[in-house]
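Taken verbatim from TrEMBL:
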| type | residues | note |
| --- | --- | --- |
| DOMAIN | 40-292 | domain 'G-protein coupled receptors family 1 profile' |
| TRANSMEM | 27-50 | transmembrane segment |
| TRANSMEM | 62-87 | transmembrane segment |
| TRANSMEM | 99-121 | transmembrane segment |
| TRANSMEM | 141-164 | transmembrane segment |
| TRANSMEM | 199-219 | transmembrane segment |
| TRANSMEM | 240-262 | transmembrane segment |
| TRANSMEM | 282-303 | transmembrane segment |
Amino acid sequence: MLYQHNSSAKDPSPIDYQMSISRSAQFWIIFPIYIPSVVCSLFDLYHYLISRTARQALHNHVIIFLLLINLIIQLTNIPFTLSYLHLGYVWPQSPVFCIFWTIIDEGFFIALTAFFAWATIERHILIFHDRLLSSRRKIIIFHYVPMVIVFLYCFCYTLIVIVFPPCENTFDYDELTCGEPICYYDEKSLAMWDIIVDHLIAVLIIVFCSFTLLLRILYQKSRMRQATNWKKYRKMTIQLLAISFLYFIIYIPNMFLEFLHICCISDEVGADFTAYSDFFSYYGYLLLPFVCAGSIPDLRTKVKNMFLLRRRRVARIVYPQTITLSRRAVVRQ
């Protein structure tokens, strides 16, 4: 899904990885969880944006960005993929649509990974170096400026590599994502940059910072008699570690294999694994909202209140009634 284009940097006729699972089966593997996942994304964003406390909390800002990016992917990339699996070809068949799909598939995934990599770094600042956020000026420097830098990098990268490349993109409407038409990746150096900087380094930051965050919290809790208020940061930490685990299981193995394909081994090595991991990487988008929902305070109570509110609104609806008057009542009138 995300990395097939890189094989072309090494071999002008890349191997066409095929899954033994039929397209119809692939469709039904994704579709049942798709709608609940979108509903969960909307619920998460409703909680973070409606609640003033959640909206103003610094540690939630990156999570809101992640959920927004992920929701856009859910409403575009996944329906496009389901359409391809159902029809067997890309529709509509136009270069503009293919470029748009590639922006979502590649550019938004890079943004999602980069923002979460920063989130893992920022958790260390929020928990152990909160003095760096003690004033408005420091908040701007250590909180908002890094997120702006991440956004500008992703925006410029997408603009240069996908939208206005100095080469001509080619589109194959019989392949998923129009055949991954990013011509820039035909250059081995750019393909290496994409795998190493945009994917491997970002994910390694996620794993390293998450692991060290857990170690630091355990050390503070056991050796310093809870100098860090564990109850205050428990939800924040569990949320971060859960998302990191999701990245580690779904994305990291395929990224390392793609890196090896570019630098030293044949594309035939692990070809089946690449095909399956590309497909099941969609579950990263589908499961992220559920992971984020798990850290929402009083989740069960809030879901129950939403259903109770809906029932009350239905009960308050006044339906028109027909009143029948007897003859005696009419005569009296």
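Backbone N, Cα and C define each Cβ position, glycine as well.
Just so you know, TrEMBL annotations never went through curation; they're auto-generated.
Beyond its flanks by at least six residues, the transmembrane segment (240-262) meets 3, 6-7, 9-10, 66, 113, 116, 119-120, 123, 188, 191-192, 195-196, 199-200, 203, 206-207, 210, 213-214, 269-270, 273-274, 277-278, 280-281, 283-284, 287-288, 291-292, 294-295 of its own chain at Cβ-Cβ distances under 8 Å. Mean pLDDT of the predicted structure over the domain 'G-protein coupled receptors family 1 profile' (40-292): 87. Distant neighbours of the transmembrane segment (27-50): 21, 60, 63-64, 67-68, 70-71, 74-75, 78, 81-82, 85-86, 282-283, 285-287, 289-290, 292-293, 296, 302-303; these residues of the same chain sit at least 6 beyond its ends, with a Cβ under 8 Å from one of its Cβ atoms.
The transmembrane segment (199-219) makes contact with the transmembrane segment (99-121), as judged by at least three Cβ pairs under 8 Å among residues 6 or more apart in sequence.
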